[in-house]
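Participant: Checked TrEMBL, it gives:
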- 7-37: transmembrane segment (TRANSMEM)
- 57-76: transmembrane segment (TRANSMEM)
- 88-112: transmembrane segment (TRANSMEM)
- 118-137: transmembrane segment (TRANSMEM)
- 149-167: transmembrane segment (TRANSMEM)
- 207-228: transmembrane segment (TRANSMEM)
- 240-258: transmembrane segment (TRANSMEM)
- 320-335: transmembrane segment (TRANSMEM)
- 341-361: transmembrane segment (TRANSMEM)
- 382-402: transmembrane segment (TRANSMEM)
- 454-474: transmembrane segment (TRANSMEM)
- 486-513: transmembrane segment (TRANSMEM)
Amino acid sequence: PVLVESLLVFSVVLSVHVLVWDRFSWCAVALAVQAFYAQFQWDRLLQLGGAVFQFRGAANSGLLPASMVVPLLGLVMKERCRAAGIVYWERFGIVVASTGMLLALFLSVLAVGITKPVPTNTCILTGIAGSIIIYTMKHSLTVSEVIEVLEVLLIFVYLSMILLYLLPRCFTPGEALLVLGGVSFVLNQLIKRSLNVIEGRGDPIDFFLLVAVVGVVLLGLFFTVLFIFMDSGTWISSMFFHMMTAVLGLGVIMPWLYRLIQRNPLFWLLQFLFQTQTRLYLLVYWTFLAALACGVVFYQNAKRSSESKKHQASTITRKYFHFIVVATYVPGLIYDRQLLYVAAVLCLAVFIFLEYVRYFRIKPFGQTLRQLLSLFLDERDSGPLILTHIYLLLGMSLPVWLFPRSCAPKGTLPGAGALVPYSGVLAVGVGDTIASVFGSTMGEMKWPGTKKTFEGTMTAIFAQIIAVALIVIFDSNVNLNSSYAWILASVSLVSLLEAYTTQIDNLLLPLYLQIMLMA
């Protein structure tokens, strides 16, 4: 399975390389070859228990698929913005690609450094790939861009040491690279834009995303350190938690956002949410779906009898939430993407805050949340945090957040790129859901070395093609320009990756589909 997963990732890398064909795409190929070898060193460390931190079990390291996500995203973003003639965002794409390569290279060097005996071939490949990447960066990046890349690396190193120690068994090395690398990049962007706020670059909704992500991460770090010295389950600690959350929110996060958008954040948010009648209808509809999702949670817990406390929800039951999320995102993508962007940020902040309440057992809802959510745990929730629902939200939202609006003057990209915001809906909402439901109920022919079935994968591909046809019918902004063969190839590659990867598919699949569609 690891070899097939690697082959699929190499197919994506080579596809992007052929379409881009510049010095950075050659760096991406070199990084992929190096990460392929380094991945086996990480897998060996995980099997022998020699890794520095405790990583999530029942999965390989996932270094290769995770290492290529950010560099490839940067490459395709650079090409799209170059074609649109937007120099600022073209340079930003180069910085994104360079940052992703350097973070992946650091994780590979770490694996090689702690492996005993030292793997000679992997060391040579890592040295060659590193030399190529650093040489290219030296001759392609300005001094300020090099400093920015190194700043992200420094934040990533410190953030990794802190969070991987505090949160054992929550990530594989690849997932840690994606999640912590993303948070490091967001934090660095927020600091950079805060210092250069006079330039006036960027949209308020982009600042809203940056401040929300950094705010909830800092909130979690603060309370994690605090509750080392006091019991978090008492009423006094709970009152202190709520009080300090309000203080940090109103005293730090709100003024920070005010500095960036130059207006009252609460007034701006209210004005934004209720600006048009369409937004009001969407908010009412989404409120109904949120209530429906809560109803599913309460109903499934009510069904759990006292004799079956260890009973877990079935795969089909968990996929109910995928259907609800699809019903949430599709109207937003069709009628108001900016509202969907902001609503997804708010939802992410609420999800993470509720996870803090559950994890720290904050009264009065902490213990209740633990009991309600325990029914929906699976083997990927082996650590102290429950992250699968957050990964689902991220998988659906990242294609919306990462869509290069500045490089799409008409609000959409030509050809297959028009489907980029729908990457999460197609890969996770439709493909992964249909594959799981049909594979678990009617699948008989299993892919070699996996639990996934041939019938599930084929049904997922067929369902995504039908979904693309429906999107073309109902969304007038989508014009595929006869790029159907590329869309079919992209959907098929990502569906096969879903069958063979042991990483969090809710997070990985939408990003790879976005890369293919943007390419």
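Heads up, the Cβ atoms here are built off N, Cα and C, so glycines get one too.
Note that TrEMBL annotation is computational and uncurated.
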Participant: Need a quick answer: max count of Cβ pairs under 8 Å to the transmembrane segment (207-228), which of 88-112, 240-258, 341-361, 382-402, 454-474 is it?
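Facilitator: The stretch with the most contacts is 341-361.
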Participant: Do any residues of this chain, six or more beyond the ends of the transmembrane segment (341-361), have a C-beta under 8 angstroms from a C-beta of it, and if so which?
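Facilitator: For the transmembrane segment (341-361), the list is 205, 208-209, 212-213, 215-216, 219-220, 223, 227, 232-233, 237, 241, 245, 269, 272-273, 283, 286, 332, 367, 369-370, 373, 384-387, 389-390, 393-394, 396-397, 400-401.
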Participant: For the transmembrane segment (382-402), which stretch among 118-137, 240-258, 320-335, 486-513 has the most Cβ pairs under 8 A?
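Facilitator: The stretch with the most contacts is 486-513.
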Participant: Take a look at 57-76, 118-137, 240-258, 320-335 and tell me which one has the most Cβ pairs under 8 Å to the transmembrane segment (486-513).
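Facilitator: Of the candidates 57-76, 118-137, 240-258, 320-335, 57-76 scores highest.
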Participant: Quick test of the contact rule: Cβ under 8 Å, at least six residues beyond the ends. What residues does that give for the transmembrane segment (57-76)?
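Facilitator: Distant Cβ neighbours of the transmembrane segment (57-76) are 2, 5-6, 9, 12-13, 16, 20, 24-25, 27-28, 31-32, 35-36, 38-39, 42-43, 45-46, 93-101, 103-104, 107-108, 111, 169, 172-175, 177-178, 181-182, 185, 379-380, 382, 402, 497, 501-503, 508, 511-512, 514-515, 518-519.
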Participant: Is the transmembrane segment (320-335) packed against any residues at least 6 beyond its ends, judged by a Cβ distance under 8 Å, and which are they?
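Facilitator: The answer is 278, 282, 285-286, 289, 292-293, 296, 343, 389, 392-393, 396, 400, 421-422, 424-425, 428-430, 432-433, 474-475.
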